[in-house]
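One structure follows; several queries about it will come next.
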Amino acid sequence: MYQRMLRCGAELGSPGGGGGGGGGGGAGGRLALLWIVPLTLSGLLGVAWGASSLGAHHIHHFHGSSKHHSVPIAIYRSPASLRGGHAGTTYIFSKGGGQITYKWPPNDRPSTRADRLAIGFSTVQKEAVLVRVDSSSGLGDYLELHIHQGKIGVKFNVGTDDIAIEESNAIINDGKYHVVRFTRSGGNATLQVDSWPVIERYPAGNNDNERLAIARQRIPYRLGRVVDEWLLDKGRQLTIFNSQATIIIGGKEQGQPFQGQLSGLYYNGLKVLNMAAENDANIAIVGNVRLVGEVPSSMTTESTATAMQSEMSTSIMETTTTLATSTARRGKPPTKEPISQTTDDILVASAECPSDDEDIDPCEPSSGGLANPTRAGGREPYPGSAEVIRESSSTTGMVVGIVAAAALCILILLYAMYKYRNRDEGSYHVDESRNYISNSAQSNGAVVKEKQPSSAKSSNKNKKNKDKEYYV
């Protein structure tokens, strides 16, 4: 390819046919070489830059059951601090009960198709309500994390019927520290306690949600409520938790006050206990509730190791991003060093809802972000923590490199054309005239040289003739 371009440059550079082809070909070859080499180098530079940028932006995918593909899940993984045994901000709910209430602003109440909840706790109660999320007045949607007969369970309703899921094998009212993780995707739900297997719940009438969601997009907006009512009459499971208004922690309002320790609550990206410790304006605290500066005393290195094994063996639902590996993923054994208090870092999630199937409020993703675990006192983050970078930015380096290479090549080509067009044409004409004169002289000389023998012969002949006449 390179040699072919050089030959083309040589042909373009030759002024005439065969006589001036040598000098013109050399100039054309040099001209082609002048812009081909920078073009190649610029292209390689752009590709290398784009490849390096592409390699720096990576996203991990963890897939669970295939039944959860109806909704894209933002994140559901235990962060590094929980895997290492750090409980986060901790509150003690004493005898008589207390309550921490978070209220969304009236104009910022989210409606979600997927919810994520995680919390650490220790208690000896057989009956209590830990966390409850309620929708606006009159809607009736709710989600409740509770203890019933010493077992942890979740009950929720998003417009159809109450759906319950419970871990019946784990006893959690033993005074030890436990971590519970709950996810909801439409009417589907999963629940996990510590390192126990994940419990999954798929209610009836929820198998055709994907097809119904596609069909729902083609239904005119004015007919949305009619279609929803018809689907509801047919027993279809609704999926959106509409207009979430309050998060109630402690269960005092429900008549089953919690007594014990609650740590590091996360709900759809909200670090509620951390916000309470910072005296957030949207949070109210009543009753016998106090903030403590250390993790639950009942937590031991054995429970830490259990949580680490749970993280390494568990993959809950489909995810599109994750935190970086921690000491547990690297296989380091649990240490017996004293554990310092950290910020809430059990779970950060962002519930998403690509399409709405209920005509009450437009579905809006909750305002949540991904938080990196930090050491106590606001020092540097734990080793292994990483920022989440979206996949859409992974091609930025490639595009910038290609554009820069193309611009550089165009500039070089324009400069070469400018130099080629403005070179000294007088010298070319002088050289051409000289060649022409010399060629003419040479050709005339050749003709003269060729004719000299014939003229000599004629003179000799005349001389002989004269001699003959003279002698005769």
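Keep in mind that glycine also has a Cβ here, set from the backbone N, Cα and C atoms.
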May I ask you to find which of V124, V129, V154, V158 Swiss-Prot records for the Ca(2+) site already listed with D141, I240, N242?
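Candidate listed by Swiss-Prot for the same site: V158.
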Among 25-54, 205-234, 265-294, where does Swiss-Prot put the label region 'Essential for interaction with CBLN1'?
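Based on what Swiss-Prot states, region 'Essential for interaction with CBLN1' spans 205-234.
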Of S111, S340, S454, which does Swiss-Prot mark as phosphoserine?
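With Swiss-Prot as the source, phosphoserine is noted for S454.
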Can you check which of S455, S459 Swiss-Prot annotates as phosphoserine?
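Comparing S455, S459 with the record, Swiss-Prot tags S455 as phosphoserine.
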To which residue among S65, S458 does Swiss-Prot attach the annotation phosphoserine?
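S458, according to Swiss-Prot.
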Give the number of CB atoms, excluding that of N188 (N-linked glycosylation site) itself, located within 10 Å of its CB.
24
To what whole number does the mean pLDDT across the topological domain 'Extracellular' (51-396) round?
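When the pLDDT values over the topological domain 'Extracellular' (51-396) are averaged, the result is 68.
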Please report the number of other Cβ atoms within 10 Å of the Cβ of V158 (Ca(2+) binding site).
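Around V158 (Ca(2+) binding site), other Cβ atoms within 10 Å: 26.
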Validating a neighbour-count step here. Other CB atoms within 10 A of the CB of N242 (Ca(2+) binding site): how many?
24
What is the separation, in Å, between the Cα atoms of D141 (Ca(2+) binding site) and N188 (N-linked glycosylation site)?
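Cα-Cα, rounded: 15 Å.
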